[in-house]
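Peer 1: Not my notes, these are from Swiss-Prot:
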DISULFID  C8-C42  disulfide bond
DISULFID  C20-C39  disulfide bond
DISULFID  C28-C60  disulfide bond
DISULFID  C64-C93  disulfide bond
DISULFID  C71-C90  disulfide bond
DISULFID  C79-C111  disulfide bond
DOMAIN    2-62  domain 'Kazal-like 1'
DOMAIN    63-112  domain 'Kazal-like 2'
Amino acid sequence: ASPPEVNCSQYNRKGSGIACSKQLKPICGIDHKTYSNECMFCLLNQNKQFQIRKLYDDKCQIECTNYSAICTMEYFPLCGSDGKVYSNKCSFCNEVVKRRGTLFLAKYGQCK
């Protein structure tokens, strides 16, 4: 089953664009970016050429159950919720385990 669509029209206000609350109710987009709530998801994607869809409710996360404790030198950067860039999934997952699950994926690629 595909994830439910986000109805962005409910956040549009006539003449003023989108005004979002600071409510924290994270969603993960199909672009693997975590958005703080549906309204911010709509605001940040309103001018994109292609439609970003919601993947699921909650912060985006990487599956870390089958990671190796010894990592390769492969470079596929991941930005952690701590603002730090991890060189690949393996190094990110090692840090997730070390921090007992308090680290989340902010996005694929560099943080800035």
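Cβ coordinates are placed from backbone N, Cα and C, and glycine is handled just like the others.
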Peer 1: Taking the Cα atoms as reference points, how far is C71 (disulfide bond) from C93 (disulfide bond) in Å?
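Peer 2: Given the Cα positions, C71 (disulfide bond) is 10 Å from C93 (disulfide bond).
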Peer 1: Should C79 (disulfide bond) be counted as helix, strand, or coil on the basis of DSSP?
Peer 2: strand
Peer 1: Cα distance, C8 (disulfide bond) to C90 (disulfide bond), nearest Å?
Peer 2: 36
Peer 1: Highest CB neighbour count within 10 A among the disulfide-bonded residues C71, C93?
Peer 2: C93
Peer 1: Just to verify: the residue among C39, C111 with the fewest other Cβ atoms within 10 Å, which of the disulfide-bonded residues is it?
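Peer 2: Selected from the disulfide-bonded residues C39, C111 on minimum Cβ neighbours within 10 Å: C111.
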Peer 1: Run through the Cβ atoms and count how many others sit within 10 Å of the one on C42 (disulfide bond).
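Peer 2: Other Cβ atoms found within 10 Å: 20.
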Peer 1: Could you check which of the disulfide-bonded residues C20, C60, C79, C93, C111 is the closest Cα neighbour of C42 (disulfide bond)?
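Peer 2: In terms of Cα distance, C42 (disulfide bond) lies closest to C20.
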Peer 1: Give the residue counts of the domain 'Kazal-like 1' (2-62) per reduced DSSP state, in the order helix, strand, coil.
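Peer 2: DSSP classes over the domain 'Kazal-like 1' (2-62) add up to 12 helix, 13 strand, 36 coil.
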Peer 1: Looking at the disulfide-bonded residues C20, C79, which one has the fewest other Cβ atoms within 10 Å of its own Cβ?
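Peer 2: It is C20 that, of the disulfide-bonded residues C20, C79, has the fewest other Cβ atoms within 10 Å.
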